[in-house]
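Here is what Swiss-Prot says about this protein:
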BINDING   44-49, 76, 94-95, 145-150, 189-192  mRNA binding site
DISULFID  99-138  disulfide bond
């Protein structure tokens with residue numbers, strides 16, 4: 001008659017150990033920072049960007065969802081306010097060395113629900129490193145406005161047309177937009193309405 005061999009206690013994984021594995025945070029490829037800019041009450045003589053505030057830097061999937069669910073939704077901000085998500089260490093300003101020679105892809109929306117969806121899809125694509133040219137991406141800005149909301153994807157090397165077109169095509173697919181256009185930061189510094197350099 002066969003008998004079962006005794007099982008050593010050390011061979012049985014403890015419930016606590018299993019729970020620890022489940023609770024371990026899922027690290028992202030890099031750190032990201034949320035920024036907030038409220039221009040709803042502009043003051044005369046105050047430089048652009050003076051109301052820009054760094055909010056939170058995160059590096060795990062769990063932190064991202066916690067911040068997004070509680071705070072960073074375009075529907076939760078007032079008109080003329082901006083939310084930004086940029087790679088940690090890069091400020092959402094033209095003057096930042098990583099942004100100085102770059103530009104931005106822009107998509108517009110006349111409905112808040114659309115902006116919310118496009119914003120979330122873009123955030124997930126960025127933190128999930130879904131772009132082949134992810135090293136050329138700085139971050140994204142959601143601008144809530146009275147007449148038309150705007151989403152802008154900032155990149156580093158505006159003159160690298162191949163990289164920008166690759167990013168543009170991918171982003172257009174991600175947010176399901178009909179048309180998006182790309183402008184250089186240098187043009188935006190000189191003209192209020194910078195012309196589009198690339199379009200997809």
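Every residue, even glycine, has its Cβ placed from backbone N, Cα and C.
Sequence features, as recorded in Swiss-Prot, placed on the structure.
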residue	record	Cβ neighbours (10 Å)
76	mRNA binding site	12
99	disulfide bond	22
138	disulfide bond	20
145	mRNA binding site	14
148	mRNA binding site	11
189	mRNA binding site	10
Between residue 99 (disulfide bond) and residue 76 (mRNA binding site): CA-CA distance (Å): 27
Collapsed DSSP category at residue 189 (mRNA binding site): helix
Residue 148 (mRNA binding site): secondary structure state under DSSP, collapsed to three categories: coil
For residue 138 (disulfide bond): DSSP state (helix, strand, coil): strand
